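If you look up Swiss-Prot, you'll see D466, E542, E546 marked as active site. Positions annotated as domain 'CBM6' by Swiss-Prot, on the basis of sequence analysis: 796-922. Taken from Swiss-Prot, the feature region 'alpha/beta subdomain' covers 252-350, and the record attributes it to sequence analysis. Residues or ranges marked as region '(alpha/beta)6 barrel subdomain' in Swiss-Prot: 360-722.
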Amino acid sequence: MKGKNVQLLFALVVIILLFPTGASASPHAVSVGKGSYATEFPEIDFGGINDPGFRDQQGEPPATIYRSDRVTGPMQTNSWWGSLAVDRFSMNQYPHPFSVRHRAEGLHVFYDAPHNMVVHENREAGTWHIHGAIGTDFTIKHSGTANFEQAVVDDYNDWYVRGLLENGAHQMAITYGVGSPYIFVEYEDGSAVLDFDIAPDVWEMNGHVIGFSTHDHKHYAAFAPPGQNWSGIGSKTLTNNADYIAIAKLPEKDGNMLAKFEQYAYSVVRDAVADWTYDEATGTVTTTFEVTTEAKVQGAPDGTIFALYPHQYRHLASSSENQLLQNYQYEIIRGTMIGLEGKRFTTELTYPGVLPSLPDLGDYDRERLIGYLHDATSDYPTGSDTYELGKYIGKLATLAPIADQMGEYELAEQFRGELKDILEDWLQATNASGQLKGKNLFYYNENWGTILGYHAAHSSATRINDHHFHYGYFVKAAAEIARADQEWAKSENWGGMIDLLIRDFMADRDDDLFPYLRMFDPYSGNSWADGLATFDAGNNQESSSEAMHAWTNVILWAEATGNKALRDRAIYLYTTEMSAINEYFFDVHQEIFPEEYGPEIVTINWGGKMDHATWWNSGKVEKYAINWLPFHGGSLYLGHHPDYVDRAYEELRRDIGSTDWNLWSNLVWMYRAFTNPDDALQQMEASIDDYGLFDPGNEKIIERGSTKAQTYHWIHNLAELGRVDPTVTANHPIYAVFNKNGNRTYIVYNFSDSPITVQFSDGHSIQVEPHSFNIGNGDGPTNPDPSEPDLKNPYERIQAEAYDAMSGIQTEGTDDDGGGDNIGWINDGDWVKYERVHFERDASSIEVRVASDTPGGRIEIRTGSPTGTLLGDVQVPNTGGWQQWQTVTGNVQIQPGTYDVYLVFKGSPEYDLMNVNWFVFRANGQGNGDSHTHPDYTAGIRGITGNEVTIFFAPTTEARYVDVHLKVNNGQQLNYRMTERNGEWERVVENLSSGDVLEYSFTYEKLGPQYTTEWFTYSR
C-alpha cells in the first residue's frame, strides 16, 4: 500500500506540473499564461435560452473564403472590399472616387456623381439618409469569356486589393484602391473590352489613349500600351487587343488632365503602406502613405495620383503640399477629394491625450456620491454575451477609480474583485476538469484567423463584427485592474490573454495569428464594424465612440504594462480615427453634409451612404448618443469643438422640443457639460434621483452601461475644470488640459513606479508621483494677468510688422489705408511670431489683410512653435497686385488663454506668396453673427464682452466720415460720429443686456456726396 501511495503522489505531481492552475489540459485549447483559448469550436451551452436569434448568433463565420493560393494565413476582414472574400463575386465596394462590383460578366464601374446623391428625410420614422445611386457607368470585360466562374482575392495591402475574375485559363486581375482614381486591369488568355449601355462620347482619341464621357457627363480615360489602339469608337463596345489597360476617373473633361493621368497610367500599384510614427515629445502622429509600383512600359514613374479625403488634406504636412493637384477634385459622399501626385504623402495629427478617469476635482457632495457608488453594487449584467457583459464590466471599471477617489477603498477592491472573477472565467477555455466549456470562453477560428467569444452577439462570431467594440470593454476592465494590480496583468498571469484579444482587433504587421489592424482602414481613417461587408452600401460603422473607447483602453493597458509599441499603435489609431469622426460623423467644419441635411450628426457611416438612424430604432437621443457612449477618460475629444457641441445639442433639443429627453438623459447631460456644465447640473439635479436602483428596462434617465455615480462625478468635474483645451500638448500620453475662463488645469496620470515630470507645450510642467494623478497644478503660468502691458489684444488689429520674431520675411511701406508698413517677400515655410497674445474668450475666426500678384498661398495659425498646434488657416488668393489689398477670413478654434501665435506661410516654393498688413481675431458671436454686405460697404455688429458690442462699417471706397444711427429696444434714436481705424469705422455701444434689440443704420461719405443705408436689426 505504501508503494502505491508514492506512485499516486508522483502522478499527481506530474499532472500539476503539466497543467498548473488556469492552464488547459484539453488537446483543443492553447494555454496563454494562466488562461487559454479553444482551437476547436465548442459545444455551445445555451443555458436554457431558446430564442432562435440568440442561437443563430452562436455559430462560426462562413467556411468558404474566396481567395487565391497567393493569399494565405490570417484573412483580412472588416475592410471596404470584404465582400470579395465571402461572395462568389462581390457586393458593391466603394474605393472612392469609384464604386465597383464584381459580377459574372466582369467589373461594373460607377462614379456616384453629385447629381446622383439624394438627401431623404423619413419624417414618420424620424430618420435621414444621404445616399447615392447604385449603378453602372460601364463594365470592364474579357474578350475570351462572357461569364466568369468566380472572383477571388488575389492580393491586398493597406488600401488596395487585387480581385481576380477567373474562368479556367481566362483571367482578369483588377487592382484598385480607396483613394485611387485608377483601376488597373491585367488579362490572361484574352484582352480588354469596355461595355456601355449607351455609347460614350469619345472626345479625345490618341490611338492607345482615349478620353470619354458617359451619357450623364461622367468623364473617364482608358489607357493601353503604345501601339495597342482602341476600336469600336462610336459604338457601345470599346475593345483593345492589349493584355493590360488602366482606367482613370477624370475630374473634368479636359485634355491637360488626361495627359497628367497618362503619366501614371502605366505604373501599377503593387504595394501600399501607411507607415506611422508617434513623437511623444510633441504629441505628433505622422503618417506617410507610400506606394510601390511596377512599370508596364519603359520609363513609367514609381508613383501615382492619389485622391485625398478631407481628413487627409486638412492635415497634410507642409512637405507634401507642393504635390497637391488643387483643381483635380471629386465630389463623393464624404465631401470633396483632392488629387495629389507622387510616390508618397504625409499627414500630421496631434494626439490630445487620454485619462484613466476624470480626477477628483469636482465640487460635489461626497457623501451623496458615495451613496451612488454603493447603489451601483446592485447592478448586474444585462446579458451573457461579449457585448452586454462587456458593458457591465466597463461600468465596474469606471466605478472603481471613483471609489478610490472617495476613499472607499474596500468598495473599489470589491469592484475590481468582481472584474477579476469575470475576466478570469472568460479567459480560460476549459473547466476544472480540463474540458472545453460551452460558454464564457474564447475560440480561435484558424480559417479566418480570429478570436471569437461565446456567447456572441451582434454577429460578432458569424460575421466577425464589432470586435473592437466588444473586446474593448474587456481591455477596459483589464486596464483598471492593472492600474492597481500589476502582478495580475503580467503575461505569465492574465495579461497574455488580454494581449491576445487586443491582437485580434489591432494586430501589428506579420502577426502569425491575426491580420494587420483588422478593424481599421488606414486610408479612410476609420474603423469598419462589419467583418464581411456584404451590403450594397459597402461596409459601415455606427458607434464611432466605442471604437475610440477601444483605442483608449489599449493605450491605458499598454501604458500600465509597459508595452510602448502597443501603446503607440493605439495612439495612432485613436488620433487618426478622431480626425475622421470630426469630418464624417460630426462635420465640425460644416463642409461635408449637404445643406438640406437637417441633423448635426451622421449616426452610421457607410462606404456608399450616410444614415441618421440606428440599427435598432429611430429614437432621437440614441441617434446622437450612440456616437458618444460610453463616457470615459478618452471621451474628451468630444469637447474639442465647442461650437459643434452647441450646434449638436441645440439641434437635438429642437428636435425633441424640450429637455425632457426620451431616453439616456444622463448621456445628454454629460455631453452638455462640455460647453455648459451649469445647465447640465441643473438638468441633472431636476431628475437624476427619479431613478432608483438599477433597472435595465428603464433607460430614460440612466443608460444601462453607465451609472448615477459616474454621471454626477463627470458633470461636477467639468463644472470645475472648464472646457477641454486641445491647443496644449504634453510629452506624456496620459494627460488632459482644461480651460475655465482663461485659467488652465493640467491633469496627468502616472502609471509607472517612479515620479515623472511632464512638460506641456505652453511651458507648463507638472511633477507626478507613481501610480497617481498629479496633486496641484504644477509650475508655470496658467492664468496670466490681462492687465500686463505686454499682452497683445487679438480682438484689435495686430500690425504684421509688429512681430517678436520671424524667419525669411522683410518689411516695406504699404499703400493700404492707414499707411505704415507691411511684411513681404514671403516664401513657403517663412513665419512670424507674436508673443503673449491674450484671448479672454473663444476665438472662431481670423481676418487677415493681404495682397498678392502670384497664385498666393495659405497662412497657418499655430501656437508654441512654427510646427506647434494648428488652430486654423486662411487661404490667400491672387488679389491683382502686391499693393492691391483684400481682407480674407478663415476659421480658427482658440480657447481662452495666452499664447505665442505663429503665422506660418505655405505655398509653392517657386514664387513669393503674399504681403500681409495686419490681422485680427474675432470671438464667438463676432464676424458672421450680424454682417451685411453691399457694393459700397460691409457693416454689422461684433460682440466684445457680456455687455458691449462694436458696430463696424468698412467702406469699399475711402470715406471722410461715417455716422451711425442707433435705437435700443425701440427707444430714442442716438447719433454718433464713428472712429476710423485703418480704413474701418467703429463705435462701441455699452451697458447692454441679454435680449436687447438694436436697430441701426449708417450715413457715409463717398467721393463727395453722402448716402444713408437701410436699417438693420440685431438681437443680443
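Backbone N, Cα and C atoms are what each Cβ position is placed from, and that goes for glycine too.
Known features from Swiss-Prot, placed on the structure.
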residue : record      : Cβ within 10 Å
D466    : active site : 30
E542    : active site : 25
E546    : active site : 27
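Distance between Cα atoms for E542 (active site) and D466 (active site): 10 Å, as a whole number. Taken residue by residue with DSSP, D466 (active site) is part of neither helix nor strand, so it is coil.
It is 9 Å from the Cα atom of D466 (active site) to that of E546 (active site). Within the region 'alpha/beta subdomain' (252-350), the DSSP-based counts of helix, strand and coil residues read 20 helix, 55 strand, 24 coil. Helix, strand and coil residue tallies for the domain 'CBM6' (796-922), in that order: 0 helix, 79 strand, 48 coil [DSSP]. Note on the domain 'CBM6' (796-922): mean pLDDT across this stretch is 90. The secondary structure of E542 (active site), as reduced to three states from DSSP, is coil rather than helix or strand.
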